[in-house]
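K.L.:
Attaching a single structure in structure tokens format; questions to follow.
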Amino acid sequence: MSSIKGNKLEEQGPRPLQPTPGLMEGNKLEEQDSSPPQSTPGLMKGDKREEQGLGPEPAAPQQPTAEEEALIEFHRSYRELFEFFCNNTTIHGAIRLVCSQHNRMKTAFWAVLWLCTFGMMYWQFGLLFGEYFSYPVSLNINLNSDKLVFPAVTICTLNPYRYPEIKEELEELDRITEQTLFDLYKYSSFTTLVAGSRSRRDLRGTLPHPLQRLRVPPPPHGARRARSVASSVRDNNPQVDWKDWKIGFQLCNQNKSDCFYQTYSSGVDAVREWYRFHYINILSRLPETLPSLEKDTLGNFIFACRFNQVSCNQANYSHFHHPMYGNCYTFNDKNNSNLWMSSMPGINNGLSLMLRAEQNDFIPLLSTVTGARVMVHGQDEPAFMDDGGFNLRPGVETSISMRKETLDRLGGDYGDCTKNGSDVPVENLYPSKYTQQVCIHSCFQESMIKECGCAYIFYPRPQNVEYCDYRKHSSWGYCYYKLQVDFSSDHLGCFTKCRKPCSVTSYQLSAGYSRWPSVTSQEWVFQMLSRQNNYTVNNKRNGVAKVNIFFKELNYKTNSESPSVTMVTLLSNLGSQWSLWFGSSVLSVVEMAELIFDLLVITFLMLLRRFRSRYWSPGRGGRGAQEVASTLASSPPSHFCPHPTSLSLSQPGPAPSPALTAPPPAYATLGPRPSPGGSTGAGSSACPLGGP
């Protein structure tokens, strides 16, 4: 009892290094020393007064240990990071880098194999991404069948019109041309060349840019004959017998400082182009509205018109004049209130026309063909007779079968096309929708106005701009032919600026020809045409022609572009490659991303630590000392348990002298804390007795 009381008195006073009462008993001390994680038997079965005297001590606050996991935790080294990654990742082959670490040869083999596999996979990734960003397209072809809107049909007389308003100028041009042909080729027709008071030389001198013969040096043996660089018209009629001369006319700039000859090796081409050049100048003097054109009627050119076995009327066509092709008529254009529909294919369910092919007002020096010219196009597209038309022969029935096709292109990154031309840097001068031909002609007209100061008469012009005439623009011919060369070589950039439309409707045509009318039927056919139209056919077969235009079938083909590699396809291909080389899933990719992130963080922390150790050392100032102090304060408390070296646990003795003891430890560390086995011992926070 006295020992108990002594112990109680010692508990009331400060006892920094006194053991618990149960540890003072001999036999029980050995049991506790042999099994430290278990409870002391003396405390469990001892005096009740001892238990009451000690009482339950309040639980001390838990201090964080190295084994506890923080909210944000990073590995201490690269080695630890890679070992953790290889042990826990789902990527195949990574575990072999750790399992075979006792065999360096296997470790090296698997490391090289893993890196090569990784490189091969990302090489395939590069190919897949390269294919995706090249934006390839696939062409999808669909066949559809439905009622079809009949396209617009434009047909021209191939007979340049002799305007009454410029009759005198045209007759003067014909006389000068006849004189030129006589001087150059000794040709005289005696029909257009009339006698006058002026001589031939004086008559030719009244017209600028006369046609003349030019001597050129003979080409070397075996060399290819080429046209002048300034010429823009191809030699359609090659010369049979080579001579050391060419035919052309001279063109100069405004101040006559630069001149060139527009030459041709064929005299036919030279005369036609020279006559055409002067004919354009005469046409430019015509007023905007001509009464002679307004009086023109369809019956002067077309004898009969039927569509789906029903006769046409005046509301089904519109009329315009072309400088080279004469009077033109467009059937079923956008101005027609009720567009024609084709519900059946075949020659009897289309457009049938009987045409007059005679050329009473023919200008022989401007056009050398006879018949008619026809073109099939969309309702909202202009008729470019030079680009898409073809000629009809007199005395022949021409049957033209059509097949409709549509093409839908992809724009943006997949193709260079435009939806409506609003993003094209060329103003549309035509009253129609955007097409590539519309843009090209508008671009040339803009360049013509900018460089030459006047507009070309074959294309529409903006307001307040005059058509070219050498009476007002003396050097426009020089400018025009120079511009033609730049246009053909795309120095003007028109072919680059004018992109293709994203949606195009075209008609594939195929023609068949037959003699019409036949020998046995031509008498009554011509008699009926003469009685019906009050017109006498003089040359019979050469004065008429017939054309049939119809759908071959109502099936039409739709060609549409679609992306060959979409985002879904790309992800699928990437997943296939990842599974092929590593047999992993999307979560494995997340693991790789986590590994890269941890590598960056560890590298950053190591650099930061090195920076602090170099520039924030304690000897460099107060800031370094504060850093060290904060580092010590943030470190976990050490479990320091000093004890005298001469203390014997088997024999009790007096308390050690305060001079031999260490500074008092943190009392919170003397409280119970969980043991590795999960139980709480009274002496778990103290060092084992008997140690050095």
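Cβ coordinates are placed from backbone N, Cα and C, and glycine is handled just like the others.
In case it's useful when we look at the structure, here is the feature table from Swiss-Prot:
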- 56-65: compositional bias 'Low complexity' (COMPBIAS)
- 682-692: compositional bias 'Low complexity' (COMPBIAS)
- Cys156-Cys328: disulfide bond (DISULFID)
- Cys252-Cys259: disulfide bond (DISULFID)
- Cys305-Cys312: disulfide bond (DISULFID)
- Cys417-Cys502: disulfide bond (DISULFID)
- Cys439-Cys498: disulfide bond (DISULFID)
- Cys439-Cys479: disulfide bond (DISULFID)
- Cys443-Cys494: disulfide bond (DISULFID)
- Cys452-Cys502: disulfide bond (DISULFID)
- Cys452-Cys479: disulfide bond (DISULFID)
- Cys454-Cys468: disulfide bond (DISULFID)
- 1-67: region 'Disordered' (REGION)
- 627-692: region 'Disordered' (REGION)
- 663-667: motif 'PY motif' (MOTIF)
K.L.:
What is the Cβ neighbour count of Cys494 (disulfide bond) at a 10 Å cut-off, with all protein chains included?
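P.N.:
Excluding its own Cβ, the number within 10 Å is 19.
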K.L.:
Nearest of the disulfide-bonded residues to Cys502 (disulfide bond) by CA-CA distance, picking from Cys156, Cys305, Cys312, Cys468, Cys494?
P.N.:
Cys494
K.L.:
Among the disulfide-bonded residues Cys417, Cys443, Cys452, Cys479, report those whose Cα falls within 10 Å of that of Cys468 (disulfide bond); none is a fine answer.
P.N.:
Cys452
K.L.:
Out of Cys156, Cys259, Cys498, give those disulfide-bonded residues positioned within 10 angstroms of Cys417 (disulfide bond), comparing C-alpha atoms, in sequence order.
P.N.:
Cys498
K.L.:
Taking Cys479 (disulfide bond) as the reference, which of Cys312, Cys328, Cys443 (the disulfide-bonded residues) have a CA within 10 A of its CA?
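P.N.:
Matched disulfide-bonded residues: none.
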K.L.:
Report the nearest neighbour of Cys259 (disulfide bond) in space among the disulfide-bonded residues Cys156, Cys312, Cys494, comparing Cα positions.
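P.N.:
Nearest by Cα distance to Cys259 (disulfide bond): Cys494.
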K.L.:
For Cys439 (disulfide bond), identify the closest of the disulfide-bonded residues Cys156, Cys252, Cys305, Cys312, Cys494, judging by Cα separation.
P.N.:
Cys494
K.L.:
Would you list, in sequence order, the disulfide-bonded residues among Cys156, Cys252, Cys305, Cys443, Cys454 whose CA lies within 10 Å of the CA of Cys498 (disulfide bond)?
P.N.:
Cys443
K.L.:
Which state, by DSSP, holds Cys252 (disulfide bond): helix, strand or coil?
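P.N.:
Note: Cys252 (disulfide bond) is in a strand by DSSP.
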K.L.:
Please work out the number of neighbouring Cβ atoms within 10 Å of the Cβ of Cys443 (disulfide bond), leaving out its own Cβ.
P.N.:
23
K.L.:
Have a look at the disulfide-bonded residues (Cys259, Cys452) and report the one with the fewest Cβ neighbours inside 10 Å.
P.N.:
Cys259
K.L.:
What Cα-Cα separation, expressed in whole Å, is found between Cys452 (disulfide bond) and Cys312 (disulfide bond)?
P.N.:
45
K.L.:
State the count of C-beta atoms found within 10 angstroms of the C-beta of Cys156 (disulfide bond), not counting that atom itself.
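P.N.:
Result for Cys156 (disulfide bond): 24 other Cβ atoms within 10 Å.
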K.L.:
What is the nearest of the disulfide-bonded residues Cys252, Cys312, Cys443 to Cys156 (disulfide bond), using the Cα of each?
P.N.:
Cys312
K.L.:
Which of Cys468, Cys502 has the fewest nearby Cβ atoms, counting only those within 10 Å, among these disulfide-bonded residues?
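P.N.:
Across Cys468, Cys502, these disulfide-bonded residues, the one with fewest Cβ atoms within 10 Å is Cys502.
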K.L.:
Looking at the disulfide-bonded residues Cys328, Cys443, Cys454, Cys494, which has the shortest Cα distance to Cys312 (disulfide bond)?
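P.N.:
Of all the candidates listed, Cys328 is nearest in space.
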K.L.:
In sequence order, which residues at least six apart in the same chain have a CB under 8 Å from the CB of Cys328 (disulfide bond)?
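P.N.:
The list for Cys328 (disulfide bond) reads Thr154, Ile155, Cys156, Thr157, His319, Phe320, His321, His322, Ala383, Met385, given in order along the sequence.
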